[in-house]
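Peer 1: According to TrEMBL, the protein has these features:
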- 47-157: domain 'Acyl-coenzyme A oxidase N-terminal' (DOMAIN)
- 169-279: domain 'Acyl-CoA oxidase/dehydrogenase middle' (DOMAIN)
- 309-480: domain 'Acyl-CoA oxidase C-alpha1' (DOMAIN)
- 521-685: domain 'Acyl-CoA oxidase C-terminal' (DOMAIN)
Amino acid sequence: MSESTAASQRLAFFQNQLQSAPCAAEEPKIKTTMESMTEERQKATFDVRDLTYFLDGGEKFTKIREKFMMELERDPTFRMYDMYDVTKDQIRERTMEKFRTIVHYVSAEPVPIFTMRMQTISLIDPGFWTRFGVHYGLFFGALRGSATSAQFSHWVSKGALALNGMVGCFAMTELGHGSNVAGLETTATFDEASDQFIIHTPTITATKWWIGGAAHTATHTVVFAQLIVRGKRYGTKSFVVQLRDTHTYGLMPGVNIGDIGKKMGRDGIDNGWIQFTNVRIPRTNMLMKHTKVSRAGEVKEPPMAQLTYGALIQGRVAMVVDSGNIAKKAVTIAGRYAAVRRQFSSNPHDVQETKLIDYAIHQYRLMPLLAQAYAFHFTGVETNKLYDDLMDTLESTQPDDETMGEVIDTLKETHATSAGLKAFCTWSTLNAIEACRQTLGGHGYSAYTGLATTYNDFAVHCTWEGDNTILTLQSGRYLVSCYREALAGKSQPEGVSYLNHLDSLLNLGCGVKTNEEILSFDVIQEAWGVVTANVVKKAGDDFEVSLKAGMSPEAAYEECSQARLAAAKIHSYGYIFRRFAQAVKSAPEKLQPVLTKLCLLYGLYSIEQNAGFFLQYRYFTPSQMDYVRSQVNIFCREVRQEYIPLIDAFNYSDYMINSPLGVYDGNIYEKYFDQVKRQNPVGGEHPYLPLIQSLLRRDIEDDEPLEDDDEDDE
């Protein structure tokens, strides 16, 4: 072999090795958190913007919300990045600074637009939202709902609308009474000689408590007190009482006020206590739209006492809406973190650790919460619409109208439905926030990641505007009443329409020929109808048994309280699923596939969580329940593929989220570290250095030296 031939062969050998060997550039690349987030967004099978428009009710409203977010982010009084480190006094001062900005919009924007602005603010600063809402939602709302037209005009002229000359609060709750409004102890005794009411706190338990805005802000309040005329009590009514001089801000004679102190959350609200000692107010300060007291001391009660329920519904509806909005925020933070956080490896051949969102158990933790957030959103939209329609009807209906009976039935249904949904949605959202916080692992304990504070701020929803257990019992009581009416042949309204078909529903089983047919809105809706009808029947039958045993109706309702709780809970599950399914059917066709997956996941997961009822009443067989469980896991995997696009559709800016772990671009670690360093700068003066120095430099008496344990035994 010639030298040239050998050289050629060697060259060919090396060329072949270079071609067959993998190049360094072809090795799997380690993806950054931002690249991981981009990867997730590329999986969308739908237009995210189109889904945002659908959720917001149209492109017009999306642009309005984006305008609000931009204005708030640019307003220095609404700076939020450092809110996790401010003191109670600092946060209250900032909350008051925001009043001037927002008051401008009260008169400049139509009510529906201003309501949208406040809903946006509730996600950013719930403490301010509540403090501002105490005046407009509660104080001004009480005037609008309970004052005569002349009284309403009077208080508007005094500045109640413009927040000019007065700041209002709402004095309903007492130290000894909350949900039992009928049992409030504060009295309003009519003095015919002076044509005045005497507002008085007779006991310590009658002290008004938890009154938002009372401690430092409010000049006036609407007080709920027992009306007493000529020694006779007429129940709890509402009265306007001045608390402070509007010029000097000193307390009015007979008024004592204090601060109830630091709370679990929402420290931007100056909750206070109020005691009245024989405070006199003009007779016309009683809000007399419903009950009237004349100069001569004659009391005229409303012909339809149920009409006063309307004022109680608004706050509960608002909390159903807020539950959906806050749930969306929580799953956004947890979901974006899960999409870029890597932990361990599920595949030994991977060069990079596995995303949290790719673990089956993490999908099971998060995907149903995403589906629930969507369900609550659509339920909130529909419930708000029902309330608006009801209020319009009440405004145009007179007591002698032929349709008054139907109006009263609608009012009762809306009242009971809003009570049950308020409890169900706020309980579920609070649990969802905590579940999302725990998915952050150790970082979930940091205030900066947002969910700990969100939990503390949201927790109050479960006890104000009616304690959730009490409201659930009220809803259950309504269901028992509807059941008894259905047995008597009276047709029931749409919300409880399943009670119109008791004969066919109570013993109905799932009639599908194949398990795959279970994956249908109609089948799942029928399943909830059957189970709810049976659970309501159980509560109704328990009530009847107690009546036959000689109990009074009130005692009988108490005896079946657990059955009522179960009935209201199951009713809410079915109601929310129907609202979700209804929304999906009305969605643009190109959005229906992904929304259908979400809705089926919500329906199936809810069934799985309440499997005992579906087996007890034999709608599903055990093998069918096994299929439901398996499909929950499958839908979790399918929804996981588009989890990030689905939460992007909520359209919450990083400013709104206010969590470094929930940032849009996925750069969570740098954002988190930057915030920690900014809020806790390195190198500053040590706050308690002298204490540490005194500990380390203290004089210690010399002790006798220790004996050597290693001495040899003799």
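Cβ atoms here come from the backbone N, Cα and C positions, even for glycine.
TrEMBL labels come from automatic prediction, so no person has curated them.
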Peer 1: Could you pull the average pLDDT for the domain 'Acyl-coenzyme A oxidase N-terminal' (47-157)?
Peer 2: 90
Peer 1: Which numbers of helix, strand and coil residues does DSSP report for the domain 'Acyl-coenzyme A oxidase N-terminal' (47-157)?
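Peer 2: Result for the domain 'Acyl-coenzyme A oxidase N-terminal' (47-157), in helix, strand, coil order: 96 helix, 0 strand, 15 coil.
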Peer 1: In the domain 'Acyl-CoA oxidase/dehydrogenase middle' (169-279), how many residues does DSSP call helix, how many strand, and how many coil?
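Peer 2: Residue counts for the domain 'Acyl-CoA oxidase/dehydrogenase middle' (169-279) by secondary structure: 6 helix, 52 strand, 53 coil.
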